[in-house]
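Participant: What Swiss-Prot records for Asp242 is active site, proton acceptor, and it gives sequence analysis as the kind of evidence. According to Swiss-Prot, the feature S-adenosyl-L-methionine binding site maps to Gln117, Glu192, Asp223, Gly224, Tyr311. The compositional bias 'Polar residues' annotation in Swiss-Prot covers 24-50, 57-77. The domain 'PABS' annotation in Swiss-Prot covers 86-323. Swiss-Prot lists 24-77 with the feature region 'Disordered'.
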Amino acid sequence: MEVISTNTNGSTIFKNGAIPMNGHQNGTSEHLNGYQNGTSKHQNGHQNGTFEHRNGHQNGTSEQQNGTISHDNGNELLGSSDSIKPGWFSEFSALWPGEAFSLKVEKLLFQGKSDYQDVMLFESATYGKVLTLDGAIQHTENGGFPYTEMIVHLPLGSIPNPKKVLIIGGGIGFTLFEMLRYPSIEKIDIVEIDDVVVDVSRKFFPYLAANFNDPRVTLVLGDGAAFVKAAQAGYYDAIIVDSSDPIGPAKDLFERPFFEAVAKALRPGGVVCTQAESIWLHMHIIKQIIANCRQVFKGSVNYAWTTVPTYPTGVIGYMLCSTEGPEVDFKNPVNPIDKETTQVKSKLGPLKFYNSDIHKAAFILPSFARSMIES
């Protein structure tokens, strides 16, 4: 494995798997419990008996914008980077107003703030380890496999013999794990903006991080949008954009200039698959993504969806596009991975969710979504 750091903003690249358990960076020291003048002034701002959380709790008000952990007795609500006690994690966001998703927390494994976002990992009672970024669930160890298998196998199952692939995001390693099922692949570049996410993988998901050492893999710590813009034209067979929601550090990955750079980096008939939100909540975002893609990609533009139990509304969507060149029929896989060799199965284990029938069904949309997407 080759590791390249492209961070230029003074961020710390942690070596040998070291992780700052309290989020201290850049030589600063901010005690979590910071007692001063008899008051309790926490990192999230408890002062004089009031709560002034990062996400807006003050004097008994509740304006949660991000995930929080609360105690079982319900009398105290603590910010995601302020509690190390078992309780309940609740996911709040302006992207899904009026609803929340909660998980029982067995143990808080890691909490910290990188140069880009709040990072938290905890052991849940039902889904194993859970990774959150800025309070939003990104992946669960025992419930996230539908998302990962589909974001990899929908595009790669639609082209014959993919050889050069780029992953944007995916610093934990689940996406890479699935990609290694394809024996034709010769080169995998992974661009992860947040080095803390990679360090969390090394410490808590060593079986995934071990794949970063595969000789076909180059791990780049840097900005995915900038990397694609600088990529050699026509180099990649496929690009997988395993991003978080279109806010914060991932916002640029949903804009037209990014898609233009992706199209340039793909070979004729190359494919891209990107996370594309939920049809139940984000049709306005989906329509904008589709409009951008239709202006850029001259092959085909498709929307697919699947079920993920720990994502808002229980579903997530994908944009699948191809560049002009050899025709790509995303709805009918030509390289079905569910017929993989016994050797691959013995090394990586069987697929848990994806199969050729699921692949085809992913493009069948409810009437309301189909009419809006096709309009």
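Residue 1 is the first one shown; counting continues down the chain.
Note: Cβ is positioned from N, Cα and C throughout, glycine not excepted.
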Participant: Excluding near sequence neighbours, so keeping only residues 6 or more apart in the same chain, what lies with its CB under 8 A of Tyr311 (S-adenosyl-L-methionine binding site)?
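Facilitator: Sequence-distant Cβ neighbours: Ile137, Tyr147, Ser278.
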Participant: How would DSSP class Glu192 (S-adenosyl-L-methionine binding site) in three states?
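Facilitator: DSSP assigns Glu192 (S-adenosyl-L-methionine binding site) to strand.
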Participant: Hey, what's the widest CA-to-CA gap across Gln117, Glu192, Asp223, Gly224, Tyr311, the S-adenosyl-L-methionine contacts in the record, in Å?
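Facilitator: Greatest Cα separation within the listed binding residues comes to 25 Å.
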Participant: So, three-state DSSP: helix, strand or coil for the residue listed as 'active site, proton acceptor'?
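Facilitator: The residue in question, the residue listed as 'active site, proton acceptor', is strand (DSSP, three-state).
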Participant: In three-state terms from DSSP, label Gly224 (S-adenosyl-L-methionine binding site) for me.
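Facilitator: SS state of Gly224 (S-adenosyl-L-methionine binding site) = helix.
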Participant: Here are some recorded positions: Glu192, Asp223, Asp242. Which one has the most Cβ atoms within 10 Å of its Cβ?
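Facilitator: Per the Cβ count within 10 Å, the most buried is Asp242.
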Participant: Which Cβ among the binding-site residues (Gln117, Gly224) has the fewest C-beta neighbours inside 10 Å?
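Facilitator: Each of the binding-site residues Gln117, Gly224 was scored by Cβ atoms within 10 Å; lowest is Gln117.
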Participant: Cα-Cα separation of Glu192 (S-adenosyl-L-methionine binding site) and Asp242 (active site, proton acceptor), in Å?
Facilitator: 10
Participant: Rounded to a whole number, how many Å is the Cα of Asp223 (S-adenosyl-L-methionine binding site) away from the Cα of Asp242 (active site, proton acceptor)?
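Facilitator: Spelling it out, the Cα of Asp223 (S-adenosyl-L-methionine binding site) and the Cα of Asp242 (active site, proton acceptor) are 13 Å apart.
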Participant: If one measures from the C-alpha of Gly224 (S-adenosyl-L-methionine binding site) to the C-alpha of Asp242 (active site, proton acceptor), what distance in angstrom results, rounded to a whole number?
Facilitator: 10
